[in-house]
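Per Swiss-Prot, the features are:
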- 1-17: signal peptide (SIGNAL)
- 65: N-linked glycosylation site (CARBOHYD)
- 405: N-linked glycosylation site (CARBOHYD)
- 440: N-linked glycosylation site (CARBOHYD)
- 455: active site, nucleophile (ACT_SITE)
- 458: active site (ACT_SITE)
- 585: active site, proton donor (ACT_SITE)
- 586: N-linked glycosylation site (CARBOHYD)
- 621: N-linked glycosylation site (CARBOHYD)
- 646: N-linked glycosylation site (CARBOHYD)
- 848: N-linked glycosylation site (CARBOHYD)
- 908: N-linked glycosylation site (CARBOHYD)
- 912: N-linked glycosylation site (CARBOHYD)
């Protein structure tokens, strides 16, 4: 047993039914009456740490081998506890340092006498993939001597720069609370999420890692602005220009106190202290790819999901949805998927469809993808299962619900349908229960989803803790209060702790289930099994949404979806192998539009690149100008979806009859997305689950210090630069806005136009910085192709669905001059069929369908002669024939007379082509 609890715990017994451990409870936790209300409690460490009288003194240094050392240290002070009597001070610690690869190092701090919650080393969770243990590595480690206080200093060997330093920093390791500080050598730190930052580069403040249902949260340095996910990693740029990633492998509640450019303090409530350090080079991608591999990378989403999505809370009937579908089609707006919020459910209950409002025939007409107009459908699913529903009874039969430590029965929370039970996704039958429920949408109602949107999965709860069966829920908008809910009426060991993450305004036990709720913890558990340990919500909370994502992924595969598409609100480091993400409830305000790029940058760093923000904003009424600008940039989010609340005005692109520029801009922007769709998607395919796709500009130009704080433009891969308008026009009557150009200090870019090929586009460099570009409300945002790179596009003006795009392409070649020749390079994929089956068979894992393209041009009289080299990424690259119907060239000192040349790509080899020059350019 881990905790020496001052309160009697529930008696837990295992009743074996087949191979499943069924856990029951013999009595409630406390003998106190359930109407006892305790006085307010302030955790003793809430306003800062309490100094220790002693330190952890090294007793033994055990050199296991050249790349593994153990440090044993003992606390030499008089204290037996820290901050409060029940929080035992851990007096004997073991620090294990292992270098498992030339650029990867692990630090694990454990106690030698008490058992803490430890994230398993299973395929579900982050774990090492490489075990080279090289004696010749990139790390220079300074350790204390015997008799000295414990510390660590880790440097990059070739530059001598410090990457991890705890010397002279406060450190405490106790039963319920750890505090650990790392010195920062400069201010260039990114990551630490999930959160919605005012800027991509971090400012000083307190930042919380706790999966929480928190509406329109914006991180401002106060600890109460947590959001839906936990990613305790950061990317730091060293003074030499090299990058590294540090990850804290802990999924308990954490609060980080950052002093800009000075230090980062981790305040950790439970679990272990385990750090992983990944040394990269001067490209941020290098260290991030190492990190992504460690957290198991990201799975590929289906091609159709890369199209545009339309959603709102407020599509109350299938007739409303078909009207949206019809109007999109009539206006020539490309889109692939229509979504349903909770409106489609009967009585807001999971696994049901209200057939009085959602007509099967209407829905299936819309979802008939055997005809050109058919689309996909993605409905929302919440975590709570309504009491009294047939699905709830099925869950009770299987015994899969979360138990209450206070009543011994299924824990009762409150969400949209009222009283609910939550599945314990650690239970071995939970995945089958969940799959059965999701499949009932087809089995019982004859309507088949293509993916799922899993929401409220932190788990969210409209009350704090739980209620008993004879109590009523307080729902949003209710003015009554009930202080006697079980979650806050009796003392709970797990809510009266030394430090509470989130601060006084939004404490960690707010809006979720009781932290003392027991989790299934037998050998057949689905997510976590910790032998001889009392596994509770206290430790498992941040894993709820992760575990539901695994179950939903399993369900979709069981339904025949080879590449599951799941948009999950809650996520952790490692969720990308199962789900995708949207950034949650935002506001229809210019600020939220500006924040959105940084949010998506973060999730590309976290390893969940298929992420987007609610386009035009979720809450409050949008405006025509804001929606037009948001559609311009949102059309290029990895996950692109317009979504708003039921109490706001319609904001579909066509919903502004007095401001037709919204429709015009949306149509142009979405058609450009679809023209680029296969090129954009190819970045996800060829990445093989690691690296970023939608990234800040400095990722491609890391030596340009002026870009390190620029979060108002983006790169898609290596080749496309977007400079959206993110501010309101000062002169809206002109229906345009003047933006200042900002380009990297090296390289050059060209205006990028598709649909109508434009020759001799304008070239831009940093010499153009500060110049003004006028961007109209009805236009596409400024988009540029990078000199030295290629981009494949398609004529997408008539293809309103991704599956209608053919295998004919135009090749844009932005040539960089090198001596007397011109060069460009790129990457693409070689398939015609973008179905799940073909992608899996030809492109994923050990399979490969990516090729590199290298273009070299030489002026030859009246032409620019091009040599195009095609090389598959591996000897086994699968080629399907694709057609290039036109080459569109760009070059700084050449003027082209036409864009010509037609060829096919079907194998490795060399292709020759010529582009005619204008007469004045001919030699």
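Note: Cβ is positioned from N, Cα and C throughout, glycine not excepted.
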Spatial neighbour of residue 405 (N-linked glycosylation site) that is closest, considering only the glycosylation sites 65, 586, 908 and their CA atoms: 586
Among 405, 586, 848, 908, 912, the one of these glycosylation sites whose Cβ has the fewest neighbouring Cβ atoms within 10 Å: 912
Residues near residue 440 (N-linked glycosylation site) in space but at least six apart in sequence (CB under 8 A): 351, 352, 391
Integer Cα-Cα distance in angstrom, residue 848 (N-linked glycosylation site) to residue 455 (active site, nucleophile): 34
Distance [Cα-Cα, Å, rounded] between residue 646 (N-linked glycosylation site) and residue 585 (active site, proton donor): 13
Under 8 Å by Cβ from residue 458 (active site), counting only residues of that chain that are 6 or more apart: 211, 212, 213, 228, 511, 512, 541, 544, 545, 569, 570
Which listed residue (65, 621, 646) has most other Cβ within 10 Å, given these are glycosylation sites: 621
Conformational class of residue 440 (N-linked glycosylation site) under the three-state DSSP mapping: helix
Long-range Cβ environment of the residue listed as 'active site, proton donor', under 8 Å and at least 6 residues apart: 215, 216, 614, 618, 619
Distance, residue 908 (N-linked glycosylation site) to residue 65 (N-linked glycosylation site) (CA atoms, angstrom): 47
Cβ-Cβ distance under 8 Å to residue 455 (active site, nucleophile), same chain, at least six residues away: 380, 381, 382, 383, 569
Alpha-carbon spacing, residue 912 (N-linked glycosylation site) to residue 586 (N-linked glycosylation site), which is rounded to whole Å: 51
Rounded distance in angstrom between the Cα atoms of residue 621 (N-linked glycosylation site) and residue 908 (N-linked glycosylation site): 53
Assigned conformation of residue 912 (N-linked glycosylation site) - DSSP reduced to three states: strand
